[in-house]
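Have a look at the structure below before the remarks.
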Amino acid sequence: MDPSFLVLQSLSGLASASSLFVIASGLTLVFGVTRIVNFAHGSFYMLGAYLAVTLVPRLLDLSYSPWTFFLGVILSAVLVGLVGVAIEVLLLRRIYRVPELFQLLATFGIVLIVQDVVLKVWGPVDIPGPRAPGLRHGVEILGQRFPSYELLLIGVGPLVLGLLWLVMHRTRFGVLVRAATQDREMVGALGVNQARLFTTTLFLGAFLAGLGGALQIPRLPANSHMDLSIITDAFVVTVIGGMGSVTGAFLAALVIGQLQAFGILIFPKVTLVLVFLLMAVVLVVKPWGLLGKPDAAASRTVAPEGILGLRRFRPPERILAGLAVLLVLVVPLIADAYKVKVATEILVFALAAFSLQFLVGVGGLVSFGHAAYFGIGAYAAGLLVTGPFKAPMELALALAPLAGAAGAALFGFFIVRLSGIYLAMLTLAFAQIVYAVCFQWVEVTGGDNGVVGVWPAAWAASRGTYYYVVAAVVLAAIVALRRVIHAPFGYTLRAARDSATRADAIGIDVRTHRWLGFTLAGAAAGLAGGLYAFSKGSIDPTMISIPQSVDFLAMILVGGIQTVMGPLVGAGVFHALKDVFMPLTEFWRLALGATIIAMVLLFPRGIAGATLSLRPRRPAPASVEASA
Amino acid sequence: MTLPILTVEALRASYGLAEVLFGVGLTLNRGEVVALMGRNGAGKSTTLKAIMGLVPASAGVVTFADTPVTGWEPFRIARLGLGYVPEERRIFTDLTVYENLEVGRRQARGERPAWTPEKLFSIFPNLAEMRGRRASAMSGGEQQMLTIARTLMGNPAAVLLDEPSEGLAPVIVEQMAEAVLRMKREGIAVLLSEQNLYFASTVSDRAYVIEKGAIRYEGTTAELEENDEIREAYLTV
């Protein structure tokens, strides 16, 4: 290969690394101080780009110079910083002490709201930005032209790193931020008002995200998908670098920039996979990232959120469960074809949500990528019946849970080595790998369009018959999983959830048990995915996307994270509401986001949890060690 | 004449459902050093944390500088002039010695001169030599000095000192005692929790003995040293 080509490729890798670092530095700063992994960071980036494509052309009309261009960029970033302040004061301040799963969900609620706001204000069409005056042309490097704006971007990353270093080491604010990153309670006990520190940090973090977005406008038109595409990259950078470490983020961005620049030459189809693979490898070797500290992940005092006070059904609940089963069985007799389809989907989602609750509520493993195993099951079943094998439905449905289990066993091997927020990030990364494979491997998976013609066997072709197939399989799977929860294996998982070290000390192999639990949940999700594929008649990558994973989490949140059967209620309520309201409003995402935030703030125990608290409760075990 | 700067009445606190304090009551007068003695698990640390607002009080009243502060956030209590030195030291190990002091810095109240890093280095000469060094590279005793110096940078009128002598070499314990007496000379009231009666009697005027989350004895340290019965019952291991 031509050396000058390699140099240019490496330079463009540096330019993307620079942009990525600017965004990720804000994310890692905010995490360091607030311990919140802010999904809305991608929304800040998107807002920065939209504001810049709006403001910069107007400023350039007034005076066409590089100065006005960059003034517009900075102005956009400042405005985004103020949005960050508003979000800190209105929402984040209220959720600093809730379990991290709820924090992730609440900030994802902001993502949904911002998406609809952006669509309403700027419309669905991509908006190209102006090019920077004076930087419109290329520079000759080793006989090849290289865009001068890219060269400028290469300089921005180190510049931001340098400025951040000065702020962190030469100002009182910076010293307080670094102290709070280590021990925010102690900083408070020394008389520092944390609320103000947090608000300022959010301003800085959102400013950096907005700056990153605004700087992209000459390279990338502002569009409504920017938020989720950047947030996974930014997560990966902060996780590889070590959460809370700005320098680590810089190193990680450099590595990823080069990996992408050269990876695209060698494996053009799998660049996304390469990045996530790098993350998996780094986390296995250094579980807290390149420059991260273990205490950043461990210093939480929030009690593990999950199923407490497990017990068997009492007589009233037996009657309730019997009635529920009866209701499930009579649906096709009283409902029209469309409602039967919705009911089928509810059953499928109920199983998927139940398997997720098994992970989260019993195992304490907060999976942010449960759609991966659902999707693997769906794709396995769909590809088996449509592909060269032309397998029968029965075989496909039998293999779907095995495929889900195999995927979960493979990923779970890495995942169970981590804990807390790193674990959640790794589940997300693995889900994105699966998504990337299904999206990019067009020959086999049909890419974005997916595969159609995934229909049930002839005997189960009618809606009603297929409904009963689903009902029978789902009920059997739920009963089986419930038995596992009540078996010693389930007790062991809960022991490990409440205190991994104490479980370890009494001779429990925590890692292996978690791995088995993860695999079992993957099998159940895969089964649900297989059933879903035949109910929809097609497969496509949205089944594996982040929003699908969030839907599952929202279902267990709605149902109540401390209850065993809550996810079933949650799946029913959530999917029914979605089905009723989605066609009625163009602001479905806004409504969903607002609902998720409201749930986290007002009813963190969900519907089933709320009814549970009406009954007299047995005292829950104290979860924090007394020290004197 | 003695004026209380800190009074605690019927203070209760719990971790989850595990109750730890069952109505603790005590008084700290201005410029006085008082020891809170008791065995491991008696509730010493929790009492200090509950006073500071780090553990929520479920009942009772804490009054500091004539202001009821029960239920306040720790930073507001600290700003009123109450310093807190935790048992685990909780030094910011990523920061330098100087930066650790900076985190604690607050404006002085009243006419008393403000603490400066230089003045603190004169009390803790070891710290002066390593002002630019990362706190992670310090010994336990040096960290203990830094944690006290850091709190003094807030110019407190009173300090809660949690087990200052724990786990330290005898020569360092001597220096700790010196530091406490110096604080007393500067007019700072100190409430320290302690298991070591020798240390307590060296530095403090009065002592409370706590057991199972309630005060069992109150008196001068001299009286406590004489009282074998109380010592046997609540202090010896």
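Yeah, the Cβs are placed from backbone N, Cα and C, and that goes for glycine too.
These features come from TrEMBL:
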type	residues	note
TRANSMEM	A:6-31	transmembrane segment
TRANSMEM	A:43-60	transmembrane segment
TRANSMEM	A:66-92	transmembrane segment
TRANSMEM	A:104-123	transmembrane segment
TRANSMEM	A:151-168	transmembrane segment
TRANSMEM	A:195-215	transmembrane segment
TRANSMEM	A:235-257	transmembrane segment
TRANSMEM	A:396-416	transmembrane segment
TRANSMEM	A:423-442	transmembrane segment
TRANSMEM	A:465-485	transmembrane segment
TRANSMEM	A:515-534	transmembrane segment
TRANSMEM	A:554-575	transmembrane segment
Proximity verdict for the transmembrane segment (A:66-92) and the transmembrane segment (A:396-416), three or more C-beta pairs under 8 Å: no
Whether the transmembrane segment (A:423-442) meets the transmembrane segment (A:195-215): three or more C-beta pairs under 8 angstroms: no
Maximum Cβ pairs under 8 Å to the transmembrane segment (A:235-257) - stretch from the list A:6-31, A:195-215, A:396-416: A:6-31
Close approaches to the transmembrane segment (A:104-123) from elsewhere in its chain (Cβ under 8 angstroms; 6 or more beyond its ends): 36-40, 42-43, 46-47, 50, 54, 87, 91-92, 95, 222, 224, 227-228, 231, 366, 368, 424, 550, 553-554, 557, 586-590, 592-597, 600-601
Proximity of the transmembrane segment (A:396-416) to the transmembrane segment (A:515-534), 3+ C-beta pairs under 8 angstroms: yes
When counting Cβ pairs under 8 Å to the transmembrane segment (A:43-60), the leader among A:6-31, A:151-168, A:195-215, A:465-485, A:515-534: A:195-215
Range from A:6-31, A:151-168, A:195-215, A:465-485 with most C-beta pairs under 8 A to the transmembrane segment (A:515-534): A:465-485
Residues of the parent chain within Cβ reach of the transmembrane segment (A:6-31), under 8 Å, 6 or more residues beyond its termini: 37-38, 41, 44-45, 141-142, 144, 146, 150-151, 153-158, 160-161, 164, 177, 201-202, 204-209, 211-213, 215-216, 230, 233-235, 237-238, 241, 243-246, 248-250, 252-254, 256-262, 265, 296
Same-chain residue ranges lying at least 6 outside the transmembrane segment (A:195-215) that approach it to Cβ under 8 Å: 19-20, 22-23, 25-27, 29-30, 33-34, 38, 41-42, 44-52, 56, 72-74, 76-85, 87-89, 92-93, 96, 153, 156, 160, 167, 173, 176-177, 180, 187, 222, 226, 230
